[in-house]
Amino acid sequence: MSILKIFAREIFDSRGNPTVEVDLYTSKGLFRAAVPSGASTGIYEALELRDNDKTRFLGKGVSKAVGHVNKTIAPALISKNINVVEQEKIDKLMLEMDGSENKSKFGANAILGVSLAVCKAGAAEKGVPLYRHIADLAGNPEVILPVPAFNVINGGSHAGNKLAMQEFMILPVGAESFKEAMRIGAEVYHNLKNVIKEKYGKDATNVGDEGGFAPNILEDKEALELLKTAISKAGYTDKVVIGMDVAASEFYRDGKYDLDFKSPDDPSRYITPDQLADLYKSFIKSYPLVSVEDPFDQDDWSAWKKFTATVGVQVVGDDLTVTNPKRIAKPVEEKSCNCLLLQVNQIGSVTESLQACKLAQSNGWGVMVSHRSGETEDTFIADLVVGLCTGQIKTGAPCRSERLAKYNQLLRIEEELGSKARFAGRNFRNPRIN
C-alpha cells in the first residue's frame, strides 16, 4: 500500500532538545517514528540538521529538517505511489533528492524519520512484526534476542564528573534468556547504587544522560573496581562481564591522549597511544573486560590496528566507522577493529544501516546495535537488533524510561516468540554459531 500522508513535527528528546518526529499514514493506519541525537558525535557522521537560530532553543531547533519533510520529501513520496514495503526504493529516492554526500541538504534527521516510519508501515502492510520485516529486508530466516550491554557508570562527555572514559557497561552473558539478563542487569545496577552510596555518599548516585551513575571519581580503574564489587555482591561473578566505551576522540590532543581532559589543559600529562593501549591491557588482565569501544581517536589508524592485533577482546568501532558502509571498508581491510557499532542516525536511513550491518557481518565482525545519549520513547532499535541477529545491544542503564522503552520492547518480543526465542548469551559476538 502506498503512502497517504506524511507529517513531521518538532518533539523533545531525553535531554530537552528538539528532535524530529514523523507521522506516516497508509490505509493500515498511522506509523510514528522519532529520531535520536548523540552528544559525542564522530566527525564523519551524516549531518544532523539544526536551525542554528540562537534565539530559539539555543540554536538547536529542527524546524528546517521538519520543513524539508513536510514541504519536499512528503509530496515527492506521495506522488510516486511507492508501496511502503519497498524500503530500499524509498530510501534511495530520498538520498537522490538530497544529493549530498552526508545528507546535508535535508538533514539525516529528516531522512531517517521518514525511513523509520516507512519501515514500521512496511511491517504492518505485510502483517508481520517489525523485527520480522527487518529480518526479511536483511535476508535473515531466523531472529535472535541480544545480550543487553547496560551502561551503568557514565563519564566522558555524558557526565559532569572527572572520568575521561565515557561508558562502563555490564553484559549478563551467562543468562539463559533476555528476561533473565534483564533481571541480572537490574540486580547488579541496584547493588552498584548501594556500593556507590556507601563509598561516595548519596549525591554520587545521581544519574547521567543514559541512566548510569556518575560518581565523582577520577581514575577509570576505580569505575571498573566498583563494577567488580557490585557484580560480586549481586552474586553473578560467573554470569556478568564488562564492556567499555572510551570515546577516546573526545580527549585526543595532538597525537596524544589526555585522561584528565575536563581539568585545565596541561600537555605534560598527555600519554601516547602505546601508553593508553597498555592501560587497556592492564584492565583486560585485571577485570572481566570483553569489549572496548573507540579506544583511540577516529583518525589514529595505526593505534587501532596494533591494539586489535594484540588483544583477544571485542574492539568496537563507532566514531571510526560511523555506521557508514564507505567508512567500514578501510578498517575491514586494515583489521583496525572487529565489531561495528550500529547507530541508525549516524548514517540516516534504514537501508544504509542494513548495508553497514551486512558488510560488517560478512567480514566476520560482530555488530552492536546502539541508542544515542539523546533518546526518545521510540523502540525501533529493539526490533532492529532482533531482526539483524547481531546478538548485542546497548541502550543505557535499566533506568530512565527512554532507555527502558527499548528493553521492555525486547521482553515483549521474546515473549511473543515463545519457544522459538533464541538468546545470544555467550555467543554475543557471533550469535549465528550456536
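Cβ atoms are placed via backbone N, Cα and C, with glycine included.
The annotation Mg(2+) 1 binding site is assigned in Swiss-Prot to Ser40. The feature substrate binding site is assigned by Swiss-Prot to His158, Glu167, Glu293, Asp318, Ser370, His371, Arg372, Ser373, Lys394, with similarity to another entry given as support. The active site, proton donor annotation in Swiss-Prot covers Glu210. Positions annotated as Mg(2+) 2 binding site by Swiss-Prot, on the basis of similarity to another entry: Asp245, Glu293, Asp318.
Other than the site residues His158, Glu167, Glu293, Asp318, Ser370, His371, Arg372, Ser373, Lys394, same-chain residues with C-beta atoms no more than 8 angstroms from the centre of those residues' C-beta atoms, the substrate site, are Gly38, Asn151, Gln166, Glu210, Asp245, Leu341, Gln343.
Here is what falls inside 10 Å of the CA of Glu293 (substrate binding site) among the recorded positions Glu210, Asp245, Asp318: Asp245, Asp318.
Within the set of binding-site residues (His158, Arg372, Lys394), the lowest number of other Cβ atoms found within 10 Å of a Cβ is recorded at His158. Residues His158, Glu167, Glu293, Asp318, Ser370, His371, Arg372, Ser373, Lys394, recorded as binding substrate, reach a greatest CA to CA spacing of 16 Å. Long-range Cβ proximity for Ser370 (substrate binding site), meaning a same-chain Cβ under 8 A and a gap of 6 or more residues, is found for Asp318, Leu341, Leu342, Gln343, Ile381, Ile393, Lys394, Thr395.
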